[in-house]
Amino acid sequence: MSRLVSFASLLAAVNAHGYVQNIVVNGVYYSGWEINTYPYMTDPPVVAAWQIPNSNGPVDVSNGYTTEDIICNLNATNAAGYVEVAAGDKINLQWSAWPDTHHGPVISYLADCGDDCTTVDKTTLEFFKIDAVGLVDDSTVPGTWGDDELIENNNSWMVEIPTSIAPGNYVLRHEIIALHSAGTEGGAQNYPQCFNLKVTGSGTDSPAGTLGTELYNLDDPGILVNIYASLSTYVIPGPTLYSGATSIAQATSAITATGSATSGAGGAAATGSSAATTTAAAASTTATPTTAAAQTAKSASAPSSAATGSVPAAPTTATVSTTTSIATSVGTTLTRTTLATTTTAAAAEPSASAPAPSGNSASGSNPLYAQCGGLNFKGASGCVAGATCKKMNPYYSQCVSA
């Protein structure tokens, strides 16, 4: 019984936050790094997502933002493959369920990795910002943020690869920064995710970048901030937005095929459109196009639209190691405000990898990193074994490691 309790506690901790489960490019679905299964496999599938342990909690920045973990997450190692995209393509990143209390900006970067993203030293990558959405609406405390737009869009986010960048191999760094406890130094929580891309096209720009360990400081105004006070503006942390970045009014798209990441180095990137190797999906999803919310007046950064990205359907795939996680995490048909479950021809059994919603577990004990108190909080105040409820501010208490 103790082993079962321990395992349940572990699952609760793992599902307390989020990670990117898959990406979609031009209707083609590519699996991400499935944290609940791939870390335990001797020969996991080749994906474009960088590899991390079975953890999706925040990066530990208690000693500052110079930790290597801030680059691509905890103990991240290079992805074994890449996905080919054309400059100007839009990439949809599908997160698992994101807690609605973890307000903050959503930011995306690119870094040129030279000849081979699978072997590049991550500490040498220099990132330039291609997308950022911070404070959208400050009419009510704590405000509406980029992550709220992500949640509304079925926990997905869409970003466009700038048309002006030169062809080559790049690492896409996509991140949510949760600010619910950012009123004290070291309280902001970073959740970076990385993917290897081979970008084709005819652009010529090679934007200057910033080392991952130099993107932020503990006292940056967008990192050290009390979101429970009235904010008229918010300075999105990190370097300025690349001048060639495009603010897009997004619409959801249908998944028409499944694709597999290409193993190894990308080699020399060609001009023209990307040509992914795909198989037709047995089922696809459609959604009603939506318009991006106006938000540039609130964020002190270059204009950027709120994402209303595409919603993955459950593609039928012959890859045994990934069918369960795909079916449980992306088998939905969604408009911006409506979620409906679809049924595929070969539905998989429920998986422990299905993300748990934030909040209280059935036992009355909250998982690690979940809210356990605060002004007007009505849920349980207990935490799972090994965790304790810590008061971050009058509005928010959180389960943290004891």
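Quick reminder: no glycine exception, Cβ is built from N, Cα and C everywhere.
Here the structure is a predicted model, which means the values were calculated and not measured.
Per Swiss-Prot, the feature Cu(2+) binding site maps to His17, His102, Tyr191. Residues or ranges marked as O2 binding site by Swiss-Prot: His180, Gln189. If you look up Swiss-Prot, you'll see Cys72-Cys194, Cys113-Cys117 marked as disulfide bond, on the strength of similarity to another entry. The domain 'CBM1' annotation in Swiss-Prot covers 364-400, and the record cites sequence analysis as its basis. Residues or ranges marked as N-linked glycosylation site by Swiss-Prot: Asn75, Asn154. Taken from Swiss-Prot, the feature signal peptide covers 1-16, and the record attributes it to sequence analysis.
Positions of the features from Swiss-Prot, shown on the structure.
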residue : record                      : contacts (Cβ under 8 Å, 6+ apart)
Cys72   : disulfide bond              : Trp50, Ile52, Lys122, Val171, Arg173, Pro192, Gln193, Cys194, Gly212
Asn75   : N-linked glycosylation site : Ile52, Pro53, Asp69
Cys113  : disulfide bond              : Val120, Leu125, Asn169, Tyr170, Val171, Asn196
Cys117  : disulfide bond              : Asn78, Ala79, Tyr82, Asn169, Tyr170, Val171, Asn196, Leu197, Ala265, Gly266
Gln189  : O2 binding site             : Pro58, Val59, His102, Gly104, Ile177, Ala178, Leu179, His180, Ser181, Ala182
Tyr191  : Cu(2+) binding site         : His17, Gly18, Tyr19, Asn56, Pro58, Val59, Asn73, Glu175, Ile176, Ile177, Ala178
>> Just to be sure I understand the packing, how many Cβ atoms besides its own are within 10 Å of the Cβ of Asn154 (N-linked glycosylation site)?
In response: 24
>> Over the span of the domain 'CBM1' (364-400), how high is the average pLDDT in this prediction?
In response: 74
> If you count the C-beta atoms lying within 10 Å of each candidate's C-beta, which of the binding-site residues His17, His180 ends up with the smallest number?
Replying inline: His180
> Under a three-state reduction of DSSP output, how is Cys72 (disulfide bond) classified: helix, strand, or coil?
Replying inline: helix
> What kind of secondary structure is Cys113 (disulfide bond) part of, going by DSSP in three states?
Replying inline: strand
>> Can you tell me how many other Cβ atoms are located within 10 Å of the Cβ belonging to Cys194 (disulfide bond)?
In response: 29
> Within 10 Å of the Cβ of His102 (Cu(2+) binding site), how many other Cβ atoms are there?
Replying inline: 28
